[in-house]
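The transmembrane segment feature in TrEMBL is assigned to 28-50, 62-89, 101-122, 142-165, 200-219, 240-262, 274-295. Residues or ranges marked as domain 'G-protein coupled receptors family 1 profile' in TrEMBL: 43-295.
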Amino acid sequence: MFLSNVTVFMPPILTLIGIPGLESVQCWIGIPFCAMYIMAVIGNSLLLFIIKSEPSLHEPMYILIGMLGVTDTVLASSIVPKMLGIFWFHAPDIYFDSCLFQMWLIHTFQCIESGILLAMALDRYVAICYPLRHATIFTLKLVVQLGTVVILRAAILSVPCIVLIKYRLQFYHTTIISHTYCEHMAVVKLAAENIKVNKIYGLFVAFTVIGFDLTFITFSYSQIFVTVFHLPQKEARLKAFNTCIAHIFVFLQFYLLAFFSFFTHRFGSHIPPYIHILFSSMYLLVPPFLNPLVYGVKTKQIRTNVVKLCCSSNPD
């Protein structure tokens, strides 16, 4: 195979430059990113504390929300500290193996989040379409089984991405990554070798996970809407629909950002790099920031317990 005359063999260190074209204002961009990260950690931690401490919330729907909170926190924590190090402390270097580990964390927990959103859609489908059988079908045992399958699927599908880079790609044109974190295609494109296998496997994982999950999520909500619109009473329709609003919002913002990030990285050559990098970073940070706010506002039981917690901490 022909290799460029200027190549680096198995570089020990890579360099993340942050947001290309916006280097002069990255220190300011880091401020809202840091604020969103702090709010995400606080919000998800509060959500988990409330779900854990309140026995009435030990039900499948709230356990799935808690699992989503853990996933969001890990996702945000996997990129923001290093990102702020680049923006504020001029620390762009990252060990090659650390870069691969960050990549594995990001793609594993992205896959886990997609699986959790599917489980939440199935839970709402059973609760609304088969309300009398919901308690017997969607048990805590089933939630544990679904969680185990989702985690195993994510870990197994993500590992080959790392292995294919580590042991297949040895020569690199450059060690500079035009990104704020170690995204799969951003690292693969540094290679001076044939990357077709890496591209194909990346597409396979994306379409396997998103295609499967999105198909069943869409089916679940379409059946929910059909059932809701056939309810005889307007109050019953509004109540049933209200239980899904938060889930639908979370589902839409996750997948819309995911699709934009995925397709622009592969087919959006006409889109300025800084637009893509900003949206890719927001894709991993906005859901962890918004999800606890959405569930805190739209879920009555969680909202009630947040108010109760605030009142107990301020007796006066």
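Including glycine, each Cβ sits where the backbone N, Cα and C put it.
What you are looking at is a predicted structure, and each value in this text was computed from that prediction instead of being measured.
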Other parts of the chain folded back onto the transmembrane segment (28-50), taken as Cβ under 8 Å at six or more residues beyond its ends: 19, 22, 57, 65-66, 69-70, 72-73, 76-77, 80, 83-84, 87-88, 281, 285-286, 288-289, 291-293, 295-296, 302, 305-306, 309
Top Cβ-contact partner of the transmembrane segment (240-262) among 62-89, 101-122, 142-165, 200-219, 274-295 (pairs under 8 Å): 274-295
Rounded mean pLDDT for the residues that make up the domain 'G-protein coupled receptors family 1 profile' (43-295): 90
Ranked first among 62-89, 101-122, 200-219 for CB pairs under 8 angstroms with the transmembrane segment (274-295): 62-89
Non-local residues, at least 6 beyond the ends, that sit with Cβ under 8 Å of the transmembrane segment (200-219): 107, 111, 114-115, 117-118, 121-122, 153-154, 157-158, 160-161, 164, 184-185, 188, 251, 255, 258, 262, 266
